[in-house]
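Let me begin by presenting the structure, written as structure tokens, before commenting on it.
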Amino acid sequence: MIVEQIMKRDVITLTKTDTLETAICKLKEFHIRHLPVVDEERHVIGMITDRDMKQASPSIFEENKRSLFLTRSVDSIMKKDVVCAHPLDFVEEISAVFYEHGIGCLPVVHHQKLIGILTKTDLLRTFVKLTGADQPGSQIEIKVNDITKSLAEISSLCQDLQVKILSVLVYPHDDPGVKVLVFRVKTMNPLPFLQALQRNGHHVVWPSEQRDLL
């Protein structure tokens, strides 16, 4: 999945000469937390967040400074070193950018012009859908040595039992030679599937026997 498939295209923006009062009004009106700052050609030149506004605002004991604060221009507090994404970036790789930089949103640019925006909320919503967690079902974790072989065998079992696979993920294990396959299947009663897995020699690690399902 790539960024352009999940980004928001209708981006609320500011110019560097807009006042901080304008920024506050837009944050409240559109219920957003991030405002890219663009020039006349929609090049991203900065970013303002609700956190930036709170940190720069006068304290409640300095109300006399508030009117002056509101008339300041956006470029007086905006972040100028803005990390951006490309519409063809992979969502998984962009997730790492969010994590490494500790940011809450990424402007999306094409030919150096702003065309969209991606937030942590967009990413979370996407991963919920990718994992099938938004659909009723059961999660089953299986420890494997050979991913390809195990996937083929387990997929065949699902077909035989008419169990629909919602998603498959591969997790690392403490043993570098082992992986954990995480299946989300569309059934609220996974017991027949779990029993079939065990009969065929697969090591089910979740649900475990102690969970009263097997």
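Each residue, glycine too, has its Cβ placed from N, Cα and C.
Under the heading domain 'CBS 1', Swiss-Prot lists 7-66, citing sequence analysis as support. What Swiss-Prot records for 78-135 is domain 'CBS 2', and it gives sequence analysis as the kind of evidence.
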Pop the mean pLDDT for the domain 'CBS 2' (78-135) in here, whole number is fine. 95
Would you list the DSSP helix, strand and coil counts for the residues of the domain 'CBS 1' (7-66)? 21 helix, 14 strand, 25 coil
